[in-house]
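First the structure, in the form of C-alpha cells, and then the observations on it.
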Amino acid sequence: MEETSPRRRREDEKSVHSTEPKTTSLQKEVGLLSGICIIVGTIIGSGIFISPKSVLANTESVGPCLIIWAACGVLATLGALCFAELGTMITKSGGEYPYLMEAFGPIPAYLFSWTSLIVMKPSSFAIICLSFSEYVCAAFYLGCRPPAVVVKLLAAAAILLITTVNALSVRLGSYVQNVFTAAKLVIVAIIIISGLVLLAQGNVKNFQNSFEGSQTSVGSISLAFYNGLWAYDGWNQLNYITEELRNPYRNLPMAIVIGIPLVTVCYILMNIAYFTVMTPTELLQSQAVAVTFGDRVLYPASWVVPLFVAFSTIGAANGTCFTAGRLIYVAGREGHMLKVLSYISVKRLTPAPALVFYGIIAIIYIIPGDINSLVNYFSFAAWLFYGMTILGLVVMRFTRKDLERPIKVPIFIPIIVILVSVFLILAPIISSPAWEYLYCVLFILSGLIFYFLFVHYKFRWAQKISRPITKHLQMLMEVVPPEKDPE
C-alpha cells in the first residue's frame, strides 16, 4: 500500500477545536499552564513524599541537606535555561535528539535515542507505575505485603490506561496532567502549611546546631548532589514537545522560569516541614516520610497522604509518557527507528504508534519487577547526554552562527552545567566502581551495530522486512506519515 495523502481521509477534525486548517501532524495544543504542569508534574513524582533521605544520608545533618536541595534547584534551572536556548533555536520535538543531530551529526543522536528508548525512559515509566501500584494495593492489603502478581498487573493496567489516554488526544493528555499536577500541589501545600504552623509554634529543635556532624568529604557531597539532582530530573521534559507548544519562543522559557523554581521552593519547604516533626535519624529510618508526617500531624485525616502520593505518581507517569512518545516519533521521522513509529493518527492527530511502542516496552520491564538497579546504573548515562547536549550548545555558538537565537544565555551558564555533568558522570564510578557501568557503556556503543546495519547502509533485506510491517500497522492503526504545516 502506498503512503497516500491523508488530506482526503481526514474526516474527524472536530476533535481538535480550532478554526485553522489542520494538517496530519502534531498540533500546537499545549499552552503555558499545561507546559508548567508538565514540568512540575514530571519532576515531582513519589520521591519527595516517600524517601527524601538520600541527600540527608550523605550530608548527615539538616543544614547542608537543605543547602544541597537549594543548590540542586539552581543547577537544574541553569540546565533548563540552556535547553530553553536550544529549544527556541531548534524548534523540533524530541529533547536532546535534534540538538545532538544538529551539533554533532546522526551517530550521537542515534545513540541517545537507542539508549533512551530501549532502557532509560521505558524502565523509568515502569518504575513509576509500579510505585503507584504498590501504594494503591497497600490500601487493600493492610498489615501485609501485596502479592507481586497483583502489583504487576495493576502497574500494567496503569501503563495501558495512560498510553491509551495520550494516544486518544493531546488535549486530553494535557488535561489529565493538569489535574494530577493540581492534586499533587494540594498535598504539597498541606504538608508545607502544616510544617510552617509547627515551625511557628516553636518546633525548631532539629534546626539548632544544624551543621553539627556534617559530612564534608568530596565523595559524600558528590553523592548528595547526585541524588538531589536525580530528584529534579525532568527539567528538560518540555523540550520533547516543542512542536506542540503554542508560541514556544515565549512559553518554553516562561514555563521553565516558573516551573523549576516552584519545584525548588516546594522541595526545600517540604524538607523543613519533615524536620519539624522528625529528627534526622527518624527521617532516615522512615519507609515513607510523608506518610510518617501525616500520621503524626494530620491524624485522623492522615489517609489523604497515600491517596495523593498515588495521584502524584500517576501524574508523573502521564507526563513521562506524554513526552517520551515524542522522542520515538522524531527518531522514526529521521529514519532512526521504524518509519511507522513517526506516523500520525488520522483521526486523533497523535503519535499513536510511538506511544503504543513505548507502552509495550514499559510493560516488558514490569515482568522482572526489580529494575531499580538498572535505572541507577544507567542514570549516569543521562548526565552523559545532558553534558553532550549542552556542549553542543557551546559548539553551535561557533559553528552555527547563522541560527536565530531568541534566547541567548551567558556563556558561563552552559560551561557550569558541562562541568557539573562531567562531575556527575565520574562521581558514582569513582565512589562505587562496578562492572555494571562498563556494561552500560558497552550497551550504548552496541547501538552502533544497529545504526550501520539499518540506518547508514540500509540493507535491502531489512527494508523488505520493514515494508510489510509498516503497511499492515498503517492499515490497522489508521495512521499516515506526518505532513508539514503550511507556511
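In case you wondered, yes, glycine gets a Cβ from its N, Cα and C as well.
Between S18, S217, the residue that has phosphoserine written against it in Swiss-Prot is S18. Both V30 and A200 are recorded by Swiss-Prot, but within differently named topological domains on opposite sides of the membrane. Put simply, of 252-274, 303-325, 411-431, the stretch with the most CB pairs closer than 8 A to the transmembrane segment (148-169) is 303-325.
Same-chain residues lying 6+ beyond the ends of the transmembrane segment (111-137) with a Cβ under 8 Å from its Cβ atoms: 45-46, 50, 96-97, 100, 146, 150-152, 154-156, 158-159, 162, 306, 309-310, 313-314, 316-317, 320-321, 324, 327-328, 331, 336-337, 358, 361-366, 369, 371-372, 374-375, 378, 381-382, 385, 388, 443-445, 447-448, 450-451. Counted over residue pairs separated by six or more positions, the transmembrane segment (411-431) shares fewer than 3 Cβ pairs under 8 angstroms with the transmembrane segment (252-274), which leaves the two as not touching. In the three-state DSSP assignment, the secondary structure recorded for S46 (L-arginine binding site) is coil. Across the topological domain 'Cytoplasmic' (451-487), DSSP helix (H, G, I), strand (E, B) and coil residues number 24 helix, 2 strand, 11 coil. Put simply, of 32-55, 218-238, 435-450, the stretch with the most CB pairs closer than 8 A to the transmembrane segment (303-325) is 32-55. According to DSSP, the topological domain 'Cytoplasmic' (392-410) comprises 8 helix, 0 strand, 11 coil.
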